[in-house]
Amino acid sequence: MTSIAVIGPGAVGGTLAAWLAQKPDHVVTVCVRTPFEALAVETPEGAISATPRVATSPESLAPVDWVLVTTKTYDTDATWTWLDALVGPQTRVAILRNGVEHVAPFVGKIAAERLVPAVVDIPAERSAPGRMLQRRNGWIKVPVGPAGEAFAALFAHTPIELHVVEDFVTEAWKKLALNCAGAVNALVLKPAGIAHDEGAAQVMRSLVRECVAVGRAEGADLSDDLPDQVIAGYRAADPGSVNSLHADRAAGRAMELDARNGVIVRRGAAHGIATPANAMVVALLNAAAL
């Protein structure tokens, strides 16, 4: 038996928890603020459901084999309340978050060989606690090594593609290029289909060009045509698909703006690279949240 705890079972975390629980020898716990009776996910393969253990407090928890951290980056402090109870000497911790700073908050507190940063592209939306819509099977990428390979094995029974990659830095910045463009959706409160509007697409390209410049300075191998690749991906997606930044702004929740666009501004400044487009959307979305 493999014990797995998922901290923050929102759209992506809840979807992953449901898939993990489809394997009988996985014992899954979800760590939540708002309890629910079961997980129910509409997936491209059909509906799946699961009844993991639902924990609303870490008090009764013990260390597990795996912890999946799927909370937003601004919830790191709250995440430690759970990690203190769930992490033992052999526990591995996978960090499934947006951005390129996955492990930084955990270095020095959890042994590096037991940390697995993960880049995730699984379009999913949560309609209520425990209820998700997964629009595409999607993929997860983790660094090469024993921990990354062990993490990939957890999903061998699922249709989600798992890739163990040599150059994780490049993969993380490629995903950030996709995420940073999504700020346009949050600004105009329109789903993926807005990328068919050439004016919106040009703003998206500007955001991605800055991401490419900063990512290269950080050591990522990013192609010149990445902005066009990102737009093509948006245009090929379900036009009604809503990214998490858009969903959070529409719902009046805190936005993961720093991890998706602010990091480009911060890292750009450190390298002397101007990032006016990303700085502008950060300023506008911060103002919109006032």
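Positions of Cβ are set from backbone N, Cα and C atoms, glycine also.
Taken straight from Swiss-Prot:
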type     : residues                                                      : note
BINDING  : Gly8, Pro9, Gly10, Ala11, Val12, Gly13, Asn98, Ala124, Glu256 : NADP(+) binding site
BINDING  : Asn98, Asn179, Ser244                                         : substrate binding site
ACT_SITE : Lys175                                                        : active site, proton donor
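Swiss-Prot feature annotations superimposed on the structure.
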| residue | record | DSSP class |
| --- | --- | --- |
| Gly8 | NADP(+) binding site | coil |
| Asn98 | NADP(+) binding site | coil |
| Lys175 | active site, proton donor | helix |
| Ser244 | substrate binding site | helix |
| Glu256 | NADP(+) binding site | coil |
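Each residue in Gly99, Gly182, Asn243, Leu245, Glu256, Ala259, Arg260 lies on the same chain as Asn98, Asn179, Ser244 and has a C-beta within 8 Å of the C-beta centroid of that substrate site, without being one of the site residues.
On the backbone, the CA of Val12 (NADP(+) binding site) and the CA of Ser244 (substrate binding site) stand 10 Å apart. It is 8 Å from the Cα atom of Asn98 (NADP(+) binding site) to that of the residue listed as 'active site, proton donor'. Spatially, by CA atoms, the recorded positions Lys175, Asn179, Ser244 include one closest to Gly8 (NADP(+) binding site), and that is Ser244. In terms of Cα distance, none of the binding-site residues chosen from Gly10, Ser244, Glu256 sits within 10 Å of the residue listed as 'active site, proton donor'.
Long-range Cβ contacts of Gly10 (NADP(+) binding site) within its own chain (separation 6+, distance under 8 Å): Thr70, Arg126.
Rounded to the nearest whole angstrom, the C-alpha distance between Asn179 (substrate binding site) and Glu256 (NADP(+) binding site) is 10. Site extent for substrate: the farthest pair of Cα atoms among Asn98, Asn179, Ser244 sits 10 Å apart. Cβ neighbours within 10 Å of Asn179 (substrate binding site), excluding its own Cβ and spanning all shown chains: 26. Here Glu256 (NADP(+) binding site) comes close to Lys72, Thr73, Tyr74, Asn98, Gly99, Ser244, Leu245, Asp248: these same-chain residues lie at least six apart in sequence, with C-beta atoms under 8 angstroms from its C-beta.
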